[in-house]
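Structure first, then comments.
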Amino acid sequence: MNISLSECPEPFQEERNYPRTGGYIPGRYCGASPINKDVICCLPCPIQQWVFPDNYITELRIVDWIGLASLCLCIFLLLSYAVLPPEKSHRHYLTVGLVMAITLVQISFVIPLATDPELCTNDITPRDQYDSLSCAWSGALVLAGAIGIAVWATLRSLWLHLSIVWDVEPGKVFTYSAISAGVFVPAAIVTACLSVTGVSFRMGQVCFPNQRHTYTTWWGWLLTFAGLAFLLQVGTVVYALFVYVRFVKRQKRGGKGSGGYTGRSSADFKELDGDRAASALRQATWRKVRQLFLMQWRGIAITMWIIIQTAYFVATFWGQDVKFGNFESNAQDIAAARKWSICLILNGGDKRQCLKLAEGLMISREQVLGSLAFAALTGLTAFLLLARPSMFSAW
């Protein structure tokens, strides 16, 4: 064992030896020295090199390469939407907006592959958006892409909900309103988050929002739009199931159905009376619901993927923010951090001897990698669900 007797035992560094400017100062991991309570000792930056195994960065690189593959597939979709005729690409403005937002997230994973960013301003301070272009761009793209995905998923769910449940065909007003919301709402939220909260290197080579007011400027909005998309989607599916059950019950009572959707609305049945009108309307309603679901199942599937991915992403990174926010008031966390720090000191900074003690201090490596891989795979999922055979034949 190599036990240092300085005021900040190895591997910790004295905070007073470093300036209070440059980088994300609140991102330092510091505490009072066990030798001199007036001296503040900080863990060397970056934090992940102390709480995760040595292969963590390599595993992050694998996620980045997945993001690159997803980016290529998203670019193919966007080029197909831009170049190919609508009957071949099956483009829709809601689909285009969603794929563009997914593309922004995939670009954020590619940036570290191109720049291999320096994560720290000095030995104890992580870089932020103000002293790292890689951080600024990757952070801004993650913010814009993630909130854009949530907004466009909500708009898709609303469009389908109006079409199926309320028998309303969204027109030009909805189109222009949706496009405006899909562009300006994410832009406003990203601007507010970057201005008030900021981004920094926290758990890897892509920057994420800092802790300051992060729920108000970022996580709250992400949860709101994901929640709206989920509620609209559930409401639509429940209504469709209700229509289906009603249709099946009528069939069992001897009612007869016919082929595809006739294109009729409720107004077409005003001339019919009584049970005949009600029966005809129910059958037409079911045909329309079935037709729309057959046409839109891909959009429904990608929306559900996005909702699940967003929930997992929020649970991972916002959960870490909540844990850090309550750290000083949690005696159990303080005791665990003290044990881990003592382990590092007694082992001369050999983190391998202390990784087990670090597990309760941070979100797990598997959860971080799973959340990032989930996000990186969104582009691949979008391609598998939205690409059509006609696209390939048209090229």
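Numbering starts at 1 and runs along the chain as displayed.
The backbone N, Cα and C atoms fix where each Cβ goes, and this holds for glycine too.
Curation does not apply to TrEMBL; its annotations are automatic.
Per TrEMBL, these features apply:
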type     : residues : note
TRANSMEM : 62-84    : transmembrane segment
TRANSMEM : 96-115   : transmembrane segment
TRANSMEM : 135-155  : transmembrane segment
TRANSMEM : 176-198  : transmembrane segment
TRANSMEM : 218-245  : transmembrane segment
TRANSMEM : 297-318  : transmembrane segment
TRANSMEM : 368-387  : transmembrane segment
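Across the candidate stretches 62-84, 96-115, 135-155, 176-198, 218-245, the maximum count of CB pairs under 8 A to the transmembrane segment (368-387) is reached by 62-84.
Sequence-distant contacts of the transmembrane segment (218-245) (same chain, six or more residues past either end, CB-CB distance under 8 Å): 143, 146-147, 150-151, 153-154, 156-158, 160-161, 164-165, 189, 193, 197, 209, 282, 285-286, 289, 293, 300, 303-304, 306-307, 310-311, 314, 318, 321. Under 8 Å from some Cβ of the transmembrane segment (297-318) lie the Cβ atoms of residues 94-95, 98, 146, 149-150, 153, 156-157, 160, 203, 208-209, 214-215, 219, 222-223, 226, 229-230, 233, 363, 367-368, 370-371, 374-375, 378, 381-382, 385-386, all in the same chain and six or more residues away from its ends.
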